[in-house]
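Trainee: Below are the features I grabbed from Swiss-Prot:
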| type | residues | note |
| --- | --- | --- |
| ACT_SITE | His121 | active site, proton acceptor |
| BINDING | Ala23, Thr27, Phe34, Arg35, Gln103, Ile105, Asp106, His121, Thr188, Ser189, Asn215, Ile233 | NAD(+) binding site |
| BINDING | Phe34, Ile105, Asp106 | nicotinamide binding site |
| BINDING | Cys129, Cys132, Cys149, Cys152 | Zn(2+) binding site |
| DOMAIN | 1-247 | domain 'Deacetylase sirtuin-type' |
Amino acid sequence: MDQIRQLAQWIKEANTIAVLTGAGMSTESGIPDFRSENGLYAQEDNVEYYLSEYYYKKDPVDFWRRFKRMFSLKMMGGFAPNDGHRFLRWLEEMGKTVTILTQNIDGLHTKAGSTNVIELHGTLQTATCPSCGNKYDLSFINRHEVPRCEKCQTIVKPDVVLFGGLVPRMEEAFAAAAASDLLLAMGTSLEVAPVNQIPFYVAAESPATRKVLINKTATRMDGMFDLVIYGGIGKTVASVRKQIQAE
């Protein structure tokens, strides 16, 4: 059985599907990733320093200047979900219980209509005042070079997990992954902890859960998966959907 037919069969057999997505999920929407030759790490110096909790506290004015520049494309909005995002919504329409565990901060899974999305690294869509808790949307953030709380004038903080910060919903993600019949990892290099521990956790806690990786390139964790498909997400899921519909 070829890989596409195998994955289609496993999806049909699964009732509960957990999907771990990374930056490669959104590149087909025109959003750059972090680690490719054209990604953020190649375009900017010291990314992990300037996007850290430490630097936000040290120099919040320069932090925002750099943050807005690094994420200018995302901050402008206008990006649309791609075939990969829509495929996950389609799985829900098939009657599957789908939980998306995303490392992305672009909000495209929700835009595509997925109903159960755990944004592990937060979202670009909002920022919060660390002093009084007031929350502000993207239009407010973009109107101000350095966004300050209207109530107390504190410089607000983006609702993304900065380097050195805690990932607040990890326990929920581990539980959802272990409770699934099928774990799909899509468009992720599996380089970032603690998210990259999810396949290990599933293997230990739920050995019957099938684990599948779809990615353009090999990762250091390929050996953790029952099935690895190398290729673009859009093309791969189109083939899988066609196979499911044909059977």
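From the backbone N, Cα and C atoms, a Cβ is placed for every residue, glycine too.
Note that this is a predicted model, so its numbers are computed, not measured.
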Trainee: Could you give the Cα-Cα distance between Cys149 (Zn(2+) binding site) and Ala23 (NAD(+) binding site), in whole Å?
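Mentor: That comes out at 30 Å between the alpha carbons.
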Trainee: Please work out which residue of Ala23, Cys132, Cys149 has the most C-beta neighbours within 10 angstroms of its C-beta, and give that one of the binding-site residues.
Mentor: Ala23
Trainee: Which binding-site residues (Ala23, Ile105, Cys132, Cys152, Thr188, Asn215) fall within 10 Å of His121 (active site, proton acceptor) by Cα distance?
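Mentor: Checking each Cα against His121 (active site, proton acceptor), the hits are Ile105.
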Trainee: In sequence order, which same-chain residues at least six apart have a C-beta under 8 angstroms from Cys129 (Zn(2+) binding site)?
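Mentor: The answer is Lys135, Tyr136, Cys149, Lys151, Cys152, Thr154, Val156, Lys157.
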Trainee: Please report the DSSP secondary structure of Asn215 (NAD(+) binding site), reduced to three states.
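Mentor: Note: Asn215 (NAD(+) binding site) is in a strand by DSSP.
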Trainee: Would you list the other residues of this chain near Zn(2+) - those whose C-beta lies within 8 angstroms of the C-beta centroid of Cys129, Cys132, Cys149, Cys152 - in sequence order?
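Mentor: Near the Zn(2+) site, beyond Cys129, Cys132, Cys149, Cys152, sit Pro130, Ser131, Gly133, Asn134, Glu150, Lys151, Gln153, Thr154, Val156.
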